[in-house]
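Asker: Got a structure for you, questions after.
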Amino acid sequence: MRERRSEPQLSSPIADPADPAGQQDQKAVPGAVDPSSVTPDEQVLEPETDPQAGPEEEELPPYDAVLVLSFGGPEAPEEVLPFLRRVTAGRDIPDERLEEVGEHYYLFGGRSPINEQTRALRKALHDELRRRGIATPVLIGNRNSDPFLVDALREAHDQGFRKVLVVTTSAYSSYSSCRQYRENLAEALDELREEGRELEVAKVRQYATHPSFARTNIRLVTEGVRQIGQDDDAKLRVVFVTHSIPVAMDDTSGPGDGEGNLYWHQHDELAHVILDEVGITLDRSIEGALVYCSRSGPPSQPWLEPDVNDHLRQLREQGITDVVVAPIGFVSDHMEVKYDLDTEAAQTAEEIGLNMLRVPTVGVDPEFVSGLVDLLQERAAEERGEQVVLQAWPGEAMPSICAPGCCPNLRTALPAACGRD
Ligand SMILES: CC1=C(CCC(=O)O)c2cc3nc(cc4[nH]c(cc5[nH]c(cc1n2)c(C)c5CCC(=O)O)c(CCC(=O)O)c4C)C(CCC(=O)O)=C3C
Ligand SMILES: [Fe+2]
């Protein structure tokens, strides 16, 4: 087992002798995608017939469609409870907890921003693929809301697609953030097979260790530190936040034959390089810590700690006046960010007189989107048997085909796609 530091404190700068950050060539991508320009219609599956497309138009062989697989969320008050029941089906999450979480959604009119953000990501991937001359369609499938994964794959099959390349909206390695999506895929494929629809799916590797994810987060945090306007390093902290998971889930995260704690380790490594790079760019020495939000489950079950609110109070007691909160565990500003950070943590900060600035998630940042398209192309090249160099920083590239027993389901062994088990 990896030795998970119980003290969340990180300090900068920690020299990285092999800093590859500046060495990898960066592709310039013009123009960010405006999420408001995405109409619901655009997610409809349309065969792409671009009148301008020449015969040299490339695709992504052997894949004939890309699917963005996301968590999903409610978009109206009456969708909130059915959504929460779906999320927690078969788990011992008490009703009070569901009502409590329901309130977070009702505070925002029963609408989570997540589906809109998934549509914006779909459009951004679509546009970046087109910029590279790749005409492969991009679809959306969700775990917990419409368009559901199985329906999206059924529609894909009906359109004639047989090999689908999946990218999830989840960067890290753990049961909740990786294997559970693979189980969703296996279940959907089984259901379709029973209907006589045969499909193959593959998934791009978890991208917490892809350089584009690190570089985008480094730039966003650097900007946050610049903006907050506290030039005394001793009064400022960076607070890196991710979704808490049960300690038992973290202990078993990563390849079955590995050391475990990969979920924590990937966040810890990324938080360190972000602090190092911010320190180098701004010529400062800023400290930070990795903390958690959105804990659920019974109090008797240990989850990763400390909670972001407890940590903010502790910082204030230590004389810290300003915090830059960086939600590196999430890829879009969905409900966990809007409620747990922008509402709850912001309120805690205000109560205790701490100035807090929340950094945006990677969202549809062109550098991040470009990295995801690199990963789609990398996975396709790998499948064609071509030699591929897996870019990784910080840490190691995760395999695109997971090892047996990787990030196990601790409750029931279920079939999972895109792995060797
Ligand atoms: C690691 C991780 C991610 C990041 C990776 C990824 O993105 O997948 C994530 C994302 C999300 N989690 C989300 C929502 C919820 N997660 C829950 C419950 C849980 N999450 C867990 C872990 C994670 N969760 C775990 C171990 C549980 C308890 C057991 C279980 O039930 O699996 C519950 C149940 C109620 C409660 O909080 O107790 C809800 C409503 C939303 C939607 C937000 C929106 O609507 O905008 C998103 C993106
Ligand atoms: Fe969650």
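Our numbering is plain: 1 for the first residue shown, then up by one each step along the chain.
Cβ from N, Cα, C; glycine included.
Unlike curated entries, TrEMBL annotations are predicted automatically.
What you are looking at is a predicted structure, and each value in this text was computed from that prediction instead of being measured.
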Asker: Match it up for me: which of 113-143, 175-205, 206-236, 237-267 does TrEMBL list as coiled coil?
Answerer: 175-205
Asker: Do you know the mean pLDDT across the coiled coil (175-205)?
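Answerer: Average per-residue pLDDT within the coiled coil (175-205): 98.
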Asker: Can you give me the same-chain residues 6 or more apart in sequence from Tyr181 (Fe-coproporphyrin III binding site) with a CB-CB distance under 8 Å?
Answerer: Leu69, Arg143, Val166, Thr168, Ser170, Lys203
Asker: So if I measure Cβ to Cβ from Ser112 (Fe-coproporphyrin III binding site) and keep only same-chain residues at least 6 apart in sequence, which ones fall under 8 Å?
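Answerer: Spatial neighbours, sequence-distant, of Ser112 (Fe-coproporphyrin III binding site): Gly73, Pro74, Glu75, Tyr105, His334, Met335.
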Asker: Report the binding-site residues (Ser112, Tyr181, His243, Glu336) that meet this criterion: Cβ distance to the nearest atom of ligand 1 under 6 Å. Use sequence order and write none if nothing qualifies.
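Answerer: Those binding-site residues that pass the cut-off, since their Cβ is under 6 Å from ligand 1, are Ser112, His243, Glu336.
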